[in-house]
Amino acid sequence: MASAQFPKPGDHQFQYGTAGFRMKADLLDSVVFRVGLLAALRSRRLNGSTIGVMITASHNPPADNGVKLVDPMGEMLESSWEKYATNLTNASTDEELVTTYTNLVKETHAFDVTPKVVFARDTRASGSRLVAALVAGLEAAGAEYQDYKLLTTPQLHYVTRCINTKGSPHAYGEATEEGYYQKLATAFKTASAGKKFHGEIIVDCANGVGGPKLQQFLKYLPPVAEGGINIRVVNDDVVQPDRLNYNCGADYVKTNQRAPPSSHAEKMQRCCSLDGDADRLIYYFIDNDDTFHLLDGDRLSTLAALFLSDLVKSAGFPAEKLRIGVVQTAYANGASTEYITERLKLPVICTNTGVKHLHHEATKFDIGVYFEANGHGTVLFSDVALKRIWKHEPQSPAQKIALDTLQACTQLINQTVGDAISDMLFIELILAHKGWSPKEWDLTYKDLPNRLGRVEVRDRNIFVAIDAERKLAEPMGMQAEIDNLVGKHKSGRAFVRASGTEDAVRVYTEAATRSEAEELLQKITVRVREYGNR
Ligand code: G16
């Protein structure tokens with residue numbers, strides 16, 4: 001039996017978390033084999049639609065890896081299937097696995113068709129070994145498959161959607177890496193025609209797969225000498241696996257609120273960081289007084305919402321024809337939420353952490369802007385919105401210019417999932433249109449000082465969050481203690497939640513001053529340790 005080659009390690013309990021399965025790579029072989037079985041089953045359930053599988057652990061350290069499934073339109077696996085993934089991966093013997101799988105075939109009403117799966121991986125050393133386990137699972141399930149080798153996570157999402165929409169009125173593009181570059185580059189050139197890019201942007205690629213892919217993409221853009229965008233790629237070493245996400249990348253910058261030590265950026269230099277699989281993006285700069293300024297996912301969100309609202313108006317759409325909304329999580333800075341509701345006058349929805357939750361809510365708007373504060377997000381245009389945008393008759397040359405840009409944005413933005421390369425081009429485009437440096441962007445509102453902590457405890461699962469993860473239901477009594485601590489600080493806000501990608505508990509604090517946010521973080525951290533190690 002094929003599964004005998006990939007036995008489940010001991011009594012380890014697996015769980016499909018915030019972004020699929022993620023853990024130390026040497027625990028993952030049986031999981032990935034079984035994800036192969038599940039991907040085939042999901043394809044059969046959807047009558048032979050192509051399912052994507054991405055092998056990556058994104059922002060996690062090099063020794064970790066992970067695997068997640070991508071549904072046909074490039075979205076994350078439908079959440080009702082996560083329990084099947086969890087059940088399959090926890091079957092303790094080969095016999096139990098066969099029984100679980102056979103029951104799932106019945107329970108999911110899978111069709112008797114040949115399953116189709118595409119997959120890719122990031123640059124981690126364990127990736128190719130795990131691909132072998134995946135292929136064994138796919139072959140055991142009789143699937144047809146295509147190996148896209150090294151891709152960023154959003155590229156795999158893009159390819160999956162392209163394959164499933166090919167020949168339909170919703171055709172998304174050419175299902176190749178080159179097709180992805182062509183599509184984005186064409187849209188970027190159209191949307192930035194006649195605009196000037198100010199200076200160079202330094203892009204830190206976290207020494208992950210985004211480095212070589214961005215280098216490749218640059219070949220599709222106009223040369224700097226002809227007015228093209230000037231992108232300097234740094235931290236693109238994928239030869240030494242240990243350098244992945246080490247002292248660099250979007251997670252490092254966001255969590256530590258400082259530039260990577262390797263970034264020797266000049267003062268006022270525009271910089272950004274991708275994460276290990278290029279689905280997150282964070283901007284930053286150091287001002288003339290050596291103060292570090294972070295432009296995180298909330299800033300991407302507010303800038304995108306501001307720009308799109310203006311474009312929609314300038315193109316001549318009445319507000320009710322294209323309703324724009326923003327989706328955030330509890331990590332969103334309070335000042336950003338206030339800016340969106342009070343200044344931009346747009347609705348805001350708060351969801352649980354995990355792009356799958358934000359994505360779902362964003363589909364409820366004509367134009368749904370969603371970003372997690374950690375830089376993970378995108379903009380979604382509903383089918384109705386796309387029809388309106390492409391059929392609209394501009395009434396003046398100014399409306400036509402705005403409409404052309406809006407149409408190009410629908411092509412530039414990767415609507416399947418957050419995509420750091422696509423998001424970066426979108427932000428660069430907005431800055432060029434507005435003639436802004438990051439300083440003007442930073443001045444749109446003032447962030448409340450905040451801190452993000454990570455606490456390792458004996459069992460993180462005792463921390464059960466509710467109310468879009470803004471409150472703890474368990475352990476009993478802890479929320480009252482947090483409320484009490486928060487109440488002692490002006491503009492105080494804090495929450496605690498178990499991470500779904502790391503074996504740790506996250507603590508977020510916000511207050512009127514940095515020292516108060518820090519003090520709150522320290523006090524809550526002590527309480528988390530105490531409850532978590534009881
Ligand atoms: C993943 C998810 C994100 C989430 C992040 C942290 O990001 O895709 O939606 O915000 O993990 O999640 P948690 O706090 O539960 O660990 P990535 O970039 O690592 O795939």
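Cβ from N, Cα, C; glycine included.
Keep in mind that TrEMBL annotations are predicted by a computer and have not been checked by a curator.
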Note: TrEMBL has Asp275, Asp277, Asp279 binding Mg(2+), and from Ser58, Ser491, Ser499 that site also includes Ser58
Roughly how many Å lie between the Cα atoms of Asp275 (Mg(2+) binding site) and Asn374 (substrate binding site), rounded to a whole value? 10
In the three-state scheme derived from DSSP, which category covers Ala498 (substrate binding site)? strand
Could you state, as a whole number of Å, the largest distance between Cα atoms of any two of Glu372, Ala373, Asn374, Arg497, Ala498, Ser499, Gly500, Thr501, Arg506, the listed substrate binders? 17
Same-chain residue ranges lying at least 6 outside the domain 'Alpha-D-phosphohexomutase alpha/beta/alpha' (49-90) that approach it to Cβ under 8 Å: 8, 13-16, 19-25, 28, 30-32, 34-43, 97, 100-101, 104, 108, 115-122, 124-127, 130-131, 134, 151, 153, 156-161, 163-165, 172, 206, 209, 241-246, 249-251, 275-277, 279-280, 355-356, 359, 415-417, 501-502
Residue from Ser58, Asp277, Asp279 whose C-alpha is spatially nearest that of Arg506 (substrate binding site), among the recorded positions: Ser58
For Asp277 (Mg(2+) binding site), the number of other Cβ atoms found within 10 Å of its own Cβ: 33
Here the Cα-Cα span from Glu372 (substrate binding site) to Ser58 (active site, phosphoserine intermediate), rounded to a whole number of angstrom, reaches 15
One residue among the recorded positions Ser58, Asn374 has the fewest other C-beta atoms within 10 A of its C-beta, namely Asn374
